[in-house]
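Chemist: Before we start, here is the structure in question, set down as structure tokens.
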Amino acid sequence: LICSLHSAHFYLLHPLGCTGRGSHVLPLPLPDVDECVEGTDNCHIDAICQNTPRSYKCICKSGYTGDGKHCKDVDECEREDNAGCVHDCVNIPGNYRCTCYDGFHLAHDGHNCLDVDECAEGNGGCQQSCVNMMGSYECHCREGFFLSDNQHTCIQRPEETCAVNNGGCDSKCHDAATGVHCSCPVGFMLQPDRKTCKDIDECRLNNGGCDHICRNTVGSFECSCKKGYKLLINERNCQDIDECSFDRTCDHICVNTPGSFQCLCHHGYLLYGVTHCGDVDECSINRGGCRFGCINTPGSYQCTCPVGQGRLHWNGKDCTGGQHPLLARAGTALWEGGNWGPGNGATVLSVKQRASFKIKDAKCRLHLRNKGGAPCSDCQVTFIHLKCDSSRKGKGRRARTPPGKEVTRLTLELEAEVRAEETTATCGLPCLRQRMERRLKGSLKMLRKSINQDRFLLRLAGLDYELAHKPGPGAGERAEVAEACRPGQHRTGAKCVSCPQGTYYHGQTEQCVPCPAGTFQEREGQLSCDLCPGSDAHGPLGATNVTTCAGQCLPGQYSVDGFKPCQPCPRGTYQPEGGRTLCFPCGGGLTTKHEGAISFQDCDTKVQCSPGHYYNTSIHRCIRCAMGSYQPDFRQNFCTRCPGNTSTDFDGSTSVAQCKNRQCGGELGEFTGYIESPNYPGNYPAGVECIWNINPPPKRKILIVVPEIFLPSEDECGDVLVMRKNSSPSSITTYETCQTYERPIAFTARSRKLWINFKTSEANSARGFQIPYVTYDEDYEQLVEDIVRDGRLYASENHQEILKDKKLIKAFFEVLAHPQNYFKYTEKHKEMLPKSFIKLLRSKVSSFLRPYK
């Protein structure tokens, strides 16, 4: 037992008690513990534990490396000698092993590889002879046999030859030592039976190299393009079609877009039928906003004032009394030779006169006589156009101009104002107008008398112009000087250019000057600017319209002159425009929910009208828009008349898209032309009948190409297109259809003349057709028939697109109309047409024009 732990030593208990420090008893050590046996070591699983006195140590096993507590496998196969393996070395945990390639086996030393003699066992599986090779073997056959596809059995060589049934080959056959050998043409692949050829689908790989659409064909493939694109001559790439380069694509403005196009119309016109522009009848839209009368004009309209209601306001829509001037002119032209003088006050009416004079045997020249001068501040003549030109062409059908003689004409246009304050009790406005007309005629009469003098002076806005027509002394020198520009123009280089809108011609500087603040000018080539109504010299420089004048009343407001101060429209009235002097009543006792209404839609109607209707304020009911008009909005009191000469199929129309042109038919006789359904390319109208007659020139026949035609077929042929010799149902028929066909077709007329009739039912509408025709010399009838009856003309989608392309069909028609121009034509258009199409034409045209070559 241990007595105590008072010191660092252990003492053995004596039988009589514990011994003291002075004792000579020696301490005894405790027995050693084997951690490796008891498993209390922390050696790695791939290490060996060795016990030591009072401890232990860890040693990594062979094939591993580490401190014993952490061991890692050694990859012997990474050594430079491949661990001594001749072929392959495979590392395994703590070791490695060598392996051999196919056809070899491992030697006894575990490292070298020996060849396996496959022929030694079962003849290598060969039916006849087996030949061992290093790492492999081959089967051979005796004479008269050949090795089968399994490379082991032998097949007796048949007595097969290409001379009999083409050797069984689908395509090409070649006699070889092993028998017949089949091969396939380009675009086909030989099948496993070594006889059959199968078409290769080129489109499966990279879309055949096509930009857009790839269509596999037998032995080949074909690229085509999406609608709005054309195939280039490499027959792979697609290019946008510029539809705007075609004739008659759009009536007004054409904007090309990728794969399509867009038609736009000039101001005052509206688009219909996709490409057409028709004049907008502004007077049908709430009477154009006019206070009283409205007159529609091409691309515009004009408001009128009845007798007793004053004159037209500056805003062009209201009518004002004498207390509100129409326009205050900053300066106008003065014709002194006509005995006119300056005047003051406002104008009510304008008087226009135009005359043209012939100058005998001379050339006129108009130029400034001297520089300087200032425009008059207030003149009665508001516009003068003077033009002097010479030409060698006589005027009129019976004109005779001797050789070397020039015809010279002086054209003068005058416009004068009749002022309201000049009226008297005995001479009102009509009387003043007659007087002014007499004065204008008198001035023109005096000019006629003076026209054949050597020269005379003309004063325009304070500037003197000289009109000389007979060469006098020194005329040769003056001839070198360029003629002066006419009033309202300035010289730019060698050209005379009219002063643009927003400017006037300044006589002293001989330049176009912007209109000052508080004035405007809507017309070109003017000598002055017009003052804004009630102008206080505010507003932008170079104003081009009275609407730019400052201080106008806003929509929903009105004032005496259309300018501030303004008042809101009272209840029961509305005003959609600015600068107005009145508000329109809702009518029928209707009111509005608030003051300052800007539309009839603000009127509190008893029923709400849907699109295609208008509200009748007399009976307070919604009325369907009549045929030829439409209304796209809710709660309106008018219907808009269709643009141009278009109309609708039914009443109650809601969109301008329902407006269609019904005009069609006519006499045709040119070398080429079109037969077009009404309103094309928009949908044709219902219940229409068109008749065309094609009468070609003598000794010419007719070729028709139908690129595509769209007719509804669900109503048992209600819409029909027929081409016959004449109107008799029993006459020879060339073509008749009532269905849609998107594949083109070309054919020659079976008669020398054609009567064409297109008739639609009362319920149908579709896109219709645009069918080109060409007349050709009857001597080439055999050639034309040969071309249009060849299936290759339609088999390719590329060829079909040619018959649909306006430019290419025109080029194609040039060949058919004049085949002798083919060779020049192909050189000119070879970058437009596919090679296959040119090749088709070349073979036919060449054999026809050069039959012995």
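Each position is counted from 1, following the chain as shown.
Cβ atoms are placed via backbone N, Cα and C, with glycine included.
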Chemist: Just choose from Cys225, Cys254, Cys263 the cysteine that TrEMBL connects to Cys244 via a disulfide.
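Modeler: TrEMBL says the disulfide from Cys244 goes to Cys254.
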Chemist: Looking only at the domain 'EGF-like' (32-72), what are its DSSP counts of helix, strand and coil residues?
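Modeler: Residue counts in helix, strand and coil order: 4 helix, 17 strand, 20 coil.
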Chemist: Give, as a single whole number between 0 and 100, the mean pLDDT over the domain 'EGF-like' (240-278).
Modeler: 93
Chemist: List the same-chain residues at least 6 positions away in sequence whose Cβ sits under 8 Å from the Cβ of Cys244 (disulfide bond), in sequence order, or say none.
Modeler: Cys250, Cys254, Val255, Asn256, Phe261
